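There's a structure below that I have some questions on.
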Amino acid sequence: MLTPGLTIIAQPWIRHRVGMRAVLVALAILLIASRPLIAWSGGEWWLIRLLTVAILSVISGYILNAILFLDREGDLASGYPRRLFVLPVSATTLAFWPMVLNVATVTTLWLLTVAIVPDSFTAAPPMLLPILLLAAAVSWLQAMVWCPFGASWYRLVVCLTVYITLAMPPLVAKLVFEIDFPWELLLTAYLFGAWGLAYWAVSRSRRGDVWMPRLKGGKLVNLASGAFERRRSFGSSASAQLWFEARCHLWMLPSITFWFLAVFIVFLAATPFRATQPVFSTSLLALAFASPPLMALSVSARFGRFEPFWWAGSPSIGFMGTRPMTTQSLVVAKFRNALASVLLAWGVVVVLVAVTVLGSETWLDTVELLRKAARPYEARSAWLIASLALILTPALSWKCLTSGLPFGLTGRRWVVESHAWVFAAVTMALAVPLVWLVGHREWLPTLIESIPLFIVALAPFKAIVAVVGFRKAIGRRLIDGPYTAGALAIWLAFTLCMWGLAWLVTSPFDPPFSAFWMLGAAAITSPLGRFALAPLALDWNRHR
């Protein structure tokens, strides 16, 4: 018979027995085969190393997600498992053993990383400092998850505040003021602080406490809320549904884009990039253009839920399944709200970049950078490129935000999680050849010349998905003629804009393939299938 502590820490293995066995087999294969593969690869050993690191990252993410003690797996707002509160053990036992498991797991993962990828380090790899850093980060995350916050938004705000408070002072002291101090001692203090908070959180959760802020000026908040509430009736059910979607998801993408971009702007301003102003301007613009699409991809499946994004419940359809509205109307409201959210996100990006450029006095370097980019083009071509880019930047973000919408509209958790895992695997698989190209730029022309082969390979798949999807959606009377015509018009406009931009950008550089293949690439990357798959997925959800 196991002791109470061992019984508690055995829960992740019991819940994920099959996955843990697969992980152990994969780690054993990597441990045995990594050194022979690196020796066999010769000059290309670093490619094997990157692939190994990518596999280790996926394995580590799976293990860390499995060992976190949560009431609902994968939901960081669910808190400590309620079923364990009834065990006849002390709160110390309930908090101590899961924290021990977390520290032991991150320690083992780091030691395995050092053993599997030994050539990743130019000198002897550090041991104690990375272990303390990982242990402190995971312990604080676990402790904050266990705190009995009454709302997930409150937990998120407190977590961000705590992490920024703990991380920024030592980083600023090191990078800006060049102050050296014992990092091991600081991380050890952080680790013990996390353990103390974990015990306090579990003991308070066990007795039923709920933490919520007592905001001063509550009457003022209520007065402001009443001033902006809707005082007139809706003109149609479609406008009512759009209002509901806006209340649920409109600010999801702008808020995470703001936090992501703001944190990286602070990082850029506090690092040596700030001293080299052209590099700072280039990094800032690249980060600004990449932030909305990347953040949109990360929340695309969650956008398909019919409840506020700050609610931590499982994907569900709730009362929407019984509303006297067609599936097409519900999907159209999703698409329209996604467009409004994307425009707000880009507004946030423009404001942040403008404030940063003016505040850091790098606007002259930014203007010079833009002039240098426009130098190969005539004035008319430069204005056309700028106009098309102004149209396509929010359009591409909208495409990314709605890419996971059919998966989220199914209402099946396994479908949403499968989409997330496949997206992570594909992203990591694409990262390896991209990094390889950085060191082997002589292969870049060959890759560009092979674009027609990718078009020929992907075009039939996209055509089959679109044709079958629209036939089924029309056959089930989920969509009508105007909806289908609108979807085709959006796809055609998207294709022509992308083709025009690609043709204008590459025209001064003698591209290796004709404009016909550019048109094919634009047609493949333009959104079409989701307009049919989203109604089919929602119909499956409403008639489960």
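Cβ coordinates are placed from backbone N, Cα and C, and glycine is handled just like the others.
From a predicted model like this one, the values you see are computed outputs, not experimental measurements.
Copying in the features that TrEMBL gives for the protein in this structure:
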TRANSMEM  21-40  transmembrane segment
TRANSMEM  91-117  transmembrane segment
TRANSMEM  123-141  transmembrane segment
TRANSMEM  185-202  transmembrane segment
TRANSMEM  250-273  transmembrane segment
TRANSMEM  279-299  transmembrane segment
TRANSMEM  338-360  transmembrane segment
TRANSMEM  380-398  transmembrane segment
TRANSMEM  419-439  transmembrane segment
TRANSMEM  451-470  transmembrane segment
TRANSMEM  482-504  transmembrane segment
TRANSMEM  516-538  transmembrane segment
Cβ under 8 Å to the transmembrane segment (451-470), counting only same-chain residues 6 or more beyond its ends: which ones?
479, 484, 513, 517, 520-521, 523-524, 528-529, 531-533, 536
Counting only residues 6+ away from its ends, which parts of the chain sit with a Cβ under 8 Å from the transmembrane segment (516-538)?
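Distal contacts: 304, 327-328, 330-331, 334-335, 399, 402-403, 405-407, 409-410, 451-452, 454-455, 458-459, 462, 465-466, 469-470, 472-473, 476, 478-479, 483-484, 487-488, 490-491, 494-496, 498-499, 502-503, 506.
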If we call contact 3 or more Cβ pairs under 8 Å (sequence gap 6 or more), are the transmembrane segment (185-202) and the transmembrane segment (482-504) touching?
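The answer is no, given that the two segments have fewer than 3 Cβ pairs within the 8 Å cut-off.
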